[in-house]
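Annotation comment: TrEMBL describes A:Cys65, A:Cys69, A:His151 as Cu cation binding site. Under the heading disulfide bond, TrEMBL lists A:Cys65-A:Cys69.
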Amino acid sequence: MNKKIALILFPLTFLLGLALPFLPAWTDRDDYYGIAVDNPVPPLELADSQIDNGLRVLFFGYRNCGTVCPAQIVNLVQLQQRLRGHPVEFVFITLDPERDSEEVLQRAASVFGPSFKVVRPESTLLAQNLALAYGDTAARVQSATGYEFDHTANLYVVTTGWRKRLIYTQPVLDLDRMESDLQKLLQTI
Amino acid sequence: MTDLSPHTQDQALLDTLRNDKQMLGILLLHFPVLAFIIPIGYGTMNFALTASLLVSLIAAAGYWFLRGTRACSALFAICLMLSSAIMIQTQLGRLEMHFHIFAALALLTIYRDWLPIVVAAATIAVHHVLLTLLQLGTASLGDMPIMVYNYGCNWGITFIHAAFVVFESAILVFFALRMGAERAQAYRMISIVQAFSSKQDLTGRLPGNTPTAVAFNDMLERFCQLIARLRDLSKQLGDNAEQLAQVSSNTEEIVEQQQQQMERAATATNEMSDSVQNVSCHAQGASEAAVSATEGADQGRQRMDEAVQLTEETNRILGQALGAVTELENKVSSIAQLSDQINDISDQTNLLALNAAIEAARAGDSGRGFAVVADEVRTLSTRTRNFTDQIRQTTGELRSVSDGAISAIKNGQQRSADTTGAVAHTQQVIVQVQEAIRAVSDMNTQIASACEEQAATSAEINRGIHQVVDRNVDIVSESGRLNTMARGLDESIEQLEQMIGGYRTA
């Protein structure tokens with residue numbers, strides 16, 4: 001009896017373990033490609049914002065990042081092009097205010113496009129806290145050549161009312177689906 | 001744990017059941033945290049709720065069907081690791097959520113068993129490796145991305161994490177094994193103590209030479225020695241009690257015999273007392289009798305004196321009688337002489353008559369008248385002769401009679417003389433008798449007074465004997481008490497032996 005039960009329970013648990021990564025796909029069956037949430041987030045000071053009622057796609061990164069950041073920035077740039085005319089802004093928040101000066105950031109923003117905004121917290125610590133408030137983590141890691149950040153590098157879609165609505169956790173994105181996510185979300189606000 | 005008693009196995013099972021229950025509680029407590037708290041700010045509640053509910057259900061089922069078995073602990077270990085995975089996944093791979101893995105691994109030491117820790121470590125390792133593979137392959141399954149770590153994902157990080165998991169698991173396994181060994185020792189200890197309390201078995205020993213085992217075994221050893229010593233003492237005590245009982249019953253027996261003898265002695269002294277009294281009385285009587293015997297002897301002496309006088313008188317009379325008889329004999333002799341002379345005359349007469357007859361015959365008728373006278377004369381002489389013969393005969397007889405009388409008188413005189421001697425002797429004897437009687441009388445008096453003293457002493461002895469008898473009764477009762485005590489001691493010893501007899505010490 002017990003052996004039979006064990007023979008059933010153990011494989012079942014094993015299967016559950018295997019299924020865990022796939023479970024969200026089943027539990028969060030909404031129409032969005034990204035992870036749909038609705039949480040308040042701390043507002044950012046965006047001096048040159050041009051939208052009153054729309055969406056902002058946020059990304060925490062740093063200029064010296066050689067791995068995930070460029071990929072995400074490419075994603076953002078492409079999205080910007082796709083969503084031209086829509087009330088959507090793209091915000092790059094630097095995690096490394098020590099090396100990313102305001103000038104450098106502004107220059108980059110102007111290169112990426114008109115709806116590309118930058119935020120530079122006053123210190124790395126403030127930047128990390130801000131990232132954490134959005135659900136993003138950023139750990140400063142010392143390396144032989146200087147220092148790097150181990151960071152989440154998610155994309156967060158927030159409303160102009162500072163509510164977090166969508167999360168994209170991978171740098172490899174299906175931009176079509178993300179675009180349609182944003183279109184759809186725009187209609188709801 | 002096969003060397004444990006059933007009771008201790010029960011105890012082990014109870015412990016395992018308690019552990020399972022606690023672990024189930026912990027797992028179920030994970031549910032609200034995982035489902036409602038962890039997702040806050042991440043919007044992953046649906047997933048967290050579903051996944052933690054499934055894990056809780058599996059845990060509950062595991063507890064329901066497998067509790068008390070190692071399989072249950074292994075299942076719980078997997079469930080805990082799945083909870084860790086859910087936690088990490090709910091917060092989209094947040095680094096801090098990984099801490100749960102280490103906390104959860106530590107929790108598993110509750111089982112004091114390497115298996116759940118190893119199973120948990122293996123589970124989380126497989127899970128991480130798998131998810132690292134998926135994340136590195138940027139596999140997106142469904143709409144949800146897969147995240148092991150929410151920052152850079154690479155094998156280096158996986159390796160560091162794995163190293164820490166292995167490190168912690170190794171430490172925990174070490175602790176679990178040590179705690180398990182300690183628990184096993186505790187179980188053995190309990191088993192030994194239970195064997196002691198239920199079966200009075202003290203033969204059990206803890207294996208190994210840890211200080212605890214050594215101390216415990218030493219204690220048991222001392223206990224065994226104590227019991228052995230107690231057993232010896234009890235045996236000695238038993239022997240002593242037996243001897244005591246023996247001595248007491250011997251005493252009782254002896255005292256009883258003594259009692260009987262004393263009673264006999266008491267009776268004997270009583271009798272003796274009586275006898276002495278009698279003797280005293282008799283001695284008194286004898287003394288009195290002796291006095292009267294002395295009087296009798298005195299009278300006897302007087303009588304003897306009288307007898308002597310009488311005898312002397314008789315002697316004198318006998319002397320006179322002898323003279324008379326002698327005179328008579330002399331007269332008889334003269335008669336005999338006369339009678340002989342008459343006889344001679346008669347013979348001559350006869351001869352003359354005969355001659356006259358002859359002559360008458362010759363004278364013829366003239367002579368006839370003479371012849372008749374001659375014949376008459378002869379007849380007369382014949383008759384005279386006959387008379388003298390008769391006289392001679394009578395005197396002869398007289399002589400013989402007087403001779404007899406003389407001899408009788410002489411005899412009488414002799415006798416009388418003898419009697420006088422005898423009487424004198426008797427007198428002497430009587431005097432001696434009198435002296436003897438006096439001595440006897442004196443002695444009797446002494447005897448009587450001695451008897452009095454003896455009677456008093458005997459009464460004293462009797463009293464003493466009675467006292468001894470009384471004391472003997474005391475001794476008998478004391479001896480009885482002693483016996484009772486010995487028996488009580490025996491019972492106590494028996495109880496003691498029953499108490500310690502059951503202990504198996506070797």
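Here the Cβ of each residue, glycine as well, is placed from N, Cα and C on the backbone.
Those binding-site residues from the list A:Cys65, A:Cys69, A:His151 that have a Cβ under 8 Å from chain B Cβ atoms: A:His151. A:Cys69 (Cu cation binding site) has a Cβ environment of 21 other Cβ atoms inside 10 Å. Looking only at the binding-site residues A:Cys65, A:His151, the densest Cβ neighbourhood within 10 Å occurs at A:His151. Residues A:Phe60, A:Gly61, A:Tyr62, A:Thr67, A:Val68, A:Gln72, A:Leu95, A:Phe149, A:Ala153 surround the recorded Cu cation site, their Cβ atoms falling within 8 Å of the Cβ centroid of A:Cys65, A:Cys69, A:His151, which are themselves excluded. The DSSP secondary structure for A:His151 (Cu cation binding site) is strand.
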